[in-house]
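> As annotated by TrEMBL, domain 'NADH-Ubiquinone oxidoreductase (complex I) chain 5 N-terminal' applies to A:85-125. Taken from TrEMBL, the feature domain 'NADH:quinone oxidoreductase/Mrp antiporter transmembrane' applies to A:204-443. What TrEMBL records for A:13-32, A:44-66, A:126-145, A:212-230, A:242-260, A:281-305, A:317-338, A:375-398, A:418-441, A:461-480, A:501-521, A:627-648 (among others) is transmembrane segment.
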């Protein structure tokens, strides 16, 4: 299934790719911990960014020099042997998905790293920040390039711990600017504001709940097939081995990891409160890469399972689940984003919405074929650049306005020109307004959903159009409430050169992609253009444009429904009330068990021994009469036993 | 045979001449025992050690009522114990049984102050019944043709043995005697006097074993289990050292009785069983001599006290571990796994009171004869730093096995 290609120096290059970022961040991590902290410590982040640059170079080399860049090309694999007898080795795969995704990750990480040099310049905990930032990048690259599920898990766990460390970066919880929600506000007794440390906890605990079934699923896959390389597992043969129900359970267990990591319902709350972390973190992890890891894994799985070829019942059930989970999550998130009052929470909800669409589109591949996966993948790429740009702009705005809520009028647009330009480009290119980048990709998605007409009627397509409209609406709102119709704010202008450069380069990638789509004769771009030129697609594009304009000119409508949506339909009760209550109930039961064991070992058993001991010693009253009574009695008893024994044999 | 005669003459002459100076009897007794050791194997060496420890501890109470003669009494017990290794005819074995038992009737009453007659009466009553049951049982076993008579005889032998050495549920003399009599004679009863009954019982049962033995073995196993539990549980709440040692004896005798169930197993397991039983007897002997000496002395150094305790508990590489290992090995391979489990459980239950004993007696070192005895007893526990497979081979040398 894959060609055996000579890859000279590949092991060394991979070492560079994964290890340079981590090693480059060790100087600042160590220097920051020294007492007293040396003055030159604040200059060391440059080293970390240099490490990211090295990774970027390697990723680009892999993109352009290893194998052919085509969806139909054979994947190229590189194996570092570890336990060949068990078929567990470090297997790296360079196929269409991993090459592009790797380059995307490295580029975005590098740009945000550069942005972070200025954004985090005066922070009090740089060692921690840069170490986890680079660890995250290395882990994400490991996830992207791994064919081996065990190695992927290592990267997966690295993502989780880096996410916790970075979200909870401002652990002192002393800055109102770092919180999510309106402070001191409560609904039905539950706090509706979250601190950075709470945010970090919510992230890691939710992700963990997904990781556990994923571990078991990987173990089960190894047990059933003796293979844990995604491209080699005989996916089609599983149904014979464990039946339809077995495969459904296995796959859903496996997908719990991606669902929690990509914040689909009901695991979405952590992403919203992950906004307590620095904006660079939100841009890298929670828009472009980490949360996309879940969808990326699903796409990679679909790429190799090829469910459109086999048409097995178990896969049909799973893919229906993913399709509608994605669509419903997307709709939920779009509604929440529409009514958000905070810059970053709006963007976080919008990310969740996009992730849902990625899942849905990739799931549609069961009925549509590989093209659906390609649509999802290019939407991921487009979304990554656009959303990262918007987050970086939001960070810049928060820095300059000292306010995390949506605010700013035309004065801001004039004073922060480049932020305004970047926002305009990013929102228009992402919303799906023709003829800009996302329009073509979204048209592909419309086509995919339309194809599902035979199985599900017009429901998927209708949902997609509604979601697209709402999405576009809040993008317009974002632009409006920060640069046009928001309330007046006082600006503290200082610097911003490096930051602007970073997000301008980021947003220009969207233009690059647009150029590629329009000029390339390769798949899938040809198909995107074909879909985009259809009248139906154009009609959707017009709806989207109208929604954008509506959001731009009327960004705020105060109503009870709006408050309900702004409170995220009270899903946080699941995280902050229901699940903790279940946990406490379990703890109580375990406590009873503990107390029972305690009682048995420290009271029941010793007491029993004491009673028997006194009993044994009680016989000794010093009088020979009693002793002889016992002896004679025993001897007579023995005679009886002897007779019985003699009789038996 | 000639060594036997020589030993007996030497020790008798020594006892007679002891009115002049008791040290003559001391030397003569030691010489007598040495003379008996003509063959010279590990068993004899160990018995010699026990006998020497007993004789020297008697020297420490040389103001007693039968000073001088007491050494000869111990010597004759030792001679008999050495000789029993080499005999297998019933008459001689029964004679040796009496030779070992009778001196103890006298020794138990002896002390530094006045004669302990009450204790003597209790002790002798039990011993007489024991002897009667044992002898009748032994004789009947050899002449039994009917399974009913065989069963009766077998169990009479076992009950006699139980009463002689102190196995529950006929153990009642042990706590009273151990607590009331002088520690040193008690240490002799608790050590040297236990060997011959068991060895004779081993030989008789092996010689007369029949296939109809199996229900009797279960009864035997049950008695052993009862003894183990009674001894160990009884000791848990006792605070007096000599009583703790009494219950410890009851438990240890239970462990040794358990080895009898392996007699119908293959040859190899029989060797392990007897080796285990004998080694446990040695552990018991050295341990009791050591502890009673320290009770007489009013305490000893912590290290010997703990070594003795750990050996009793069964910690490697001390002797107590190996003895229990051999016993468990023979039990498991004779399909008496439940008994092996009970034995292990009992070893665990016994830990608290041995530690308590060590703490009660490990008060401080004094430079005198008694302390030397304790020291030597604890050193003896260390000889199994060389794994005692040589001991198992030794058993195969025993006549009548």
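Cβ atoms here come from the backbone N, Cα and C positions, even for glycine.
Please situate the listed features within the shown structure.
Outside the domain 'NADH-Ubiquinone oxidoreductase (complex I) chain 5 N-terminal' (A:85-125) by six or more residues, the chain places 2, 10, 14, 21, 32, 42, 45-46, 48-49, 52-53, 55-56, 58-60, 62-63, 66-67, 69-71, 73, 75-79, 133, 136-137, 140-141, 144-148, 150-151, 169-170, 222, 226-231, 278-280, 283-284, 288-289, 296, 299-300, 303, 377, 380-381, 384-385, 388, 392, 395-396, 399, 495-499, 501-503, 505-506, 509 with a CB less than 8 A from a CB of the stretch.
Same-chain residues lying 6 or more positions outside the transmembrane segment (A:13-32) and placing a CB less than 8 Å from one of its CB atoms are 38, 40-41, 44-45, 47-48, 50-52, 54-55, 58-59, 61-62, 78, 80, 92, 109, 125-128, 130-131, 133-135, 137-138, 141-142, 145.
Note on the transmembrane segment (A:44-66): residues 5, 7, 13-14, 16-18, 20-25, 27-28, 31, 76, 94, 99-100, 102-103, 105-107, 109-110, 113-114, 116-117, 120, 126, 130, 133-134, 137-138, 141 of its chain, located 6 or more positions outside it, place their CB under 8 angstroms from a CB of the stretch.
Counting residues 6+ beyond its ends, the transmembrane segment (A:242-260) has Cβ neighbours under 8 Å at 156, 206-207, 209-214, 216-218, 220-221, 224, 267, 293-295, 297-298, 301, 312-315, 317-318, 321-322, 325 in the same chain.
Counting residues 6+ beyond its ends, the transmembrane segment (A:375-398) has Cβ neighbours under 8 Å at 97, 100-101, 104, 108, 111-112, 115, 119, 177, 278-280, 282-284, 287-289, 292, 295-296, 299, 343-344, 347, 350-351, 354, 357-359, 361-362, 404, 408, 412, 416, 419, 422-423, 425-427, 429-430, 437-438, 441-442, 444-445, 447-448, 478, 482, 496, 499-500, 502-503, 506-507, 509-510, 513, 524, 528 in the same chain.
Outside the transmembrane segment (A:418-441), and at least 6 residues removed from its termini, the chain residues within Cβ reach (under 8 Å) are 375, 378-379, 382-383, 385-387, 389-390, 392-393, 396-397, 412, 468, 471-472, 475-476, 478-479, 482-483, 500, 503-504, 506-507, 510-511, 513-514, 517-518, 525, 528-529, 531-532, 537-538, 540-542, 544-545, 547-548.
Same-chain neighbours of the transmembrane segment (A:501-521): 107-108, 111-112, 114-115, 381-382, 385-386, 388-389, 392-393, 396, 418-419, 421-422, 425-426, 429-430, 436-437, 440-441, 528-529, counting only residues six or more beyond its ends whose CB sits under 8 Å from a CB of the stretch.
Among residues of the same chain six or more beyond the transmembrane segment (A:627-648), those with a C-beta under 8 A of the stretch's C-beta atoms are 619.
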> Treating G and I as helix alongside H, and B as strand alongside E, what does DSSP give for the domain 'NADH-Ubiquinone oxidoreductase (complex I) chain 5 N-terminal' (A:85-125) in helix, strand and coil?
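Across the domain 'NADH-Ubiquinone oxidoreductase (complex I) chain 5 N-terminal' (A:85-125), the residues distribute as 26 helix, 7 strand, 8 coil.
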> In the predicted model, what is the mean pLDDT computed over the domain 'NADH-Ubiquinone oxidoreductase (complex I) chain 5 N-terminal' (A:85-125)?
92
